[in-house]
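Single-structure report; data block below.
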């Protein structure tokens, strides 16, 4: 038996220790890798992957959500989206919801195709498609074109969010993906804030070139998206291969630009030995896919995602509408500016909570549920604060933003952890798409049935949108309950690999072959806690 096929229990390495990435006591000094070297490799990957993901997610989030701002742009000139296209509030809600219908339907097929083809090319395809459709939205003339383009946008963008989570697991252990998902998820928050601020400038362009303000917004964001999509073909790395191997050139790939590998030389060897599981994943079959889809662990995660993403998208699309309900004297520009701080609070929470959730990755449910409780408190404040003081109600929206931030990244990270262990690469690809796709039914609920889509709830007055708020509070309680149920069932039933094969914690192998324990899997058995943070480094010096 080769040394790589052995499994030997070793204690968690301390800072500065040199450890065998496979846990083999017989390996020599040349086969030992320091924790510092492993950390250096993942920092290199961060510099290559995370900025690109941040930019693409920023643009796609802006293109996807700027319809919400278009509803309140240039009202004095009667150039809002509804007035220009002669849309009723219910038609606007329908168009917003149609996007998420396609998102739900096409998320899984998109992610499965991505796992079989080049993830780099598929991700670039998504961004280019989003940019093209986003630009075309500047030419909308009536309800039918609004509906059509929202449908097409949902089709082309499907698979982007779960695809990014899947892509990360090709380069990082699942326990380290929470912070990184949080890093690029901040792009959505910055996008919501910046788009709100920049929309004030687009409103000043109203009438230039024969276009109204929101048409300039759609057109320019879409064109930038197309440019960035083509740039990703050069920048994003292909899936990693064992040292010495190269990707075969298909007929299509010969016409596409070459992307240099993310790691070379010694760094590539360290990554291969630390994350061996991703290099030896057998090609999945429909039987493997069926096992993933029948796994009960999907449903608590879907319900967790349903609540938080439903509230998040509802607030994102209707932020200016909710703010205007608290203070009807605000202008369109003021509404756009006031929407930005909500997402700044969201960003701050992501940067604080998601790194801690990675360091204490055995307690994902706790790091998920506490921010959800903050969202509930914020919604109650927004609804029941004295109407004579609109700023206290606005403060409730800031609390909602803060609570929203970490919940979506934590849900996707927990999905990665559970399903890579049980089902390997197809588990991550399918489960992340199912959680994202079915969970976005919450987005359909909040964009179609609530706020302006709920006629009796949108009548002006001190009870305006109160019913919508209670629906959102209800689905948030469902999210908390689902996370508790998942935690309890995992304690009782466990999370062993499906079919008796060890995946994730041990790199996946064909049936009957020996299994391996890679370096990252051994470290995942214990939490990092607060070790190796800047203050612990300073204390030792």
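Each residue, glycine too, has its Cβ placed from N, Cα and C.
Noted in TrEMBL for the protein shown:
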DOMAIN    32-491  domain 'Major facilitator superfamily (MFS) profile'
TRANSMEM  49-70  transmembrane segment
TRANSMEM  90-109  transmembrane segment
TRANSMEM  121-140  transmembrane segment
TRANSMEM  146-169  transmembrane segment
TRANSMEM  181-202  transmembrane segment
TRANSMEM  214-236  transmembrane segment
TRANSMEM  296-315  transmembrane segment
TRANSMEM  335-353  transmembrane segment
TRANSMEM  365-385  transmembrane segment
TRANSMEM  391-414  transmembrane segment
TRANSMEM  426-450  transmembrane segment
TRANSMEM  470-493  transmembrane segment
REGION    498-517  region 'Disordered'
COMPBIAS  502-513  compositional bias 'Polar residues'
Subject >> Best-contacting stretch, by C-beta pairs under 8 Å, relative to the transmembrane segment (365-385) and drawn from 49-70, 121-140, 146-169, 296-315, 335-353 >> reply: 296-315
Original post:
Can you give the mean pLDDT for the domain 'Major facilitator superfamily (MFS) profile' (32-491), rounded to a whole number?
Top reply: 87
Subject >> Positions on the same chain near the transmembrane segment (391-414), where near means CB under 8 A and six or more residues out >> reply: 161-162, 165, 174, 177-178, 181-182, 185, 189, 301, 304-305, 308-309, 311-312, 315, 319, 322-323, 326-327, 338, 341-350, 352-354, 357-358, 361, 364, 367-368, 371-383, 385, 432, 435-436, 439, 479, 486
Subject >> Residue numbers, six or more beyond the limits of the transmembrane segment (214-236), whose CB comes under 8 Å of its CB atoms >> reply: 48-49, 52, 55-56, 59-60, 62-63, 66, 69-70, 73-74, 79-81, 84, 119-121, 123-139, 195, 198-199, 202, 205, 208, 256-257, 259
**OP:** Would you kindly list the residues that approach the transmembrane segment (49-70) from elsewhere in its chain, counting only those six or more residues past its ends and only Cβ-Cβ distances under 8 Å?
**Re:** 80-81, 92, 95-96, 99, 123, 126-127, 130-131, 133-134, 150, 153, 157, 160, 164, 167-168, 171, 180, 183-188, 190-192, 194-196, 199, 214, 217-218, 221-222, 224-225, 228-229, 232, 235-237, 262, 316-321, 336, 339
Original post:
Taking residues 6+ outside the transmembrane segment (296-315), which of them lie with a CB under 8 Å of any CB in it?
Top reply: 100, 322, 342, 368, 372, 375, 379, 397, 400-401, 404, 407-408, 411, 414-415, 418-419, 422, 431, 434-436, 438-443, 445-447, 450-451, 468, 472, 475-483, 485-486, 489-490, 495
Original post:
Per the definition of 3+ C-beta pairs under 8 A with sequence separation of 6 or more, do the transmembrane segment (90-109) and the transmembrane segment (470-493) touch?
Top reply: no
**OP:** Report, as numbers and ranges, which residues of the same chain sit near the transmembrane segment (470-493): CB under 8 Å and 6 or more residues beyond its ends.
**Re:** 296-297, 299-301, 303-308, 310-311, 314, 364-365, 368-369, 372-373, 375-376, 379-380, 383, 407, 414, 418, 442, 445-446, 449-450
Subject >> For the transmembrane segment (181-202), sequence-distant contacts whose Cβ falls under 8 Å of one of its Cβ atoms, 6 or more beyond its ends >> reply: 46, 50, 53-55, 57-59, 61-62, 65-66, 69, 73, 164-165, 168, 213-214, 216-217, 316, 319-320, 333, 336-344, 346-347, 350-351, 353-355, 401, 405-406, 408-409, 412-413
Original post:
Sequence-remote contacts (6 or more beyond its ends) of the transmembrane segment (426-450), Cβ cut-off under 8 Å?
Top reply: 93-94, 96-97, 100-101, 103-108, 110-112, 114-115, 158-159, 161-163, 165-166, 169, 174, 284, 288-289, 292-293, 295, 297-298, 301-311, 313-314, 317-318, 411-412, 415-416, 418-420, 457, 465, 468, 471-472, 475, 498, 503
Subject >> Same-chain residues at least 6 beyond the ends of the transmembrane segment (335-353) whose Cβ lies under 8 Å from its Cβ atoms >> reply: 69, 72-73, 182, 185-186, 188-194, 196-197, 199-200, 203, 315, 319-320, 323-324, 367, 371, 394, 397-406, 409-410
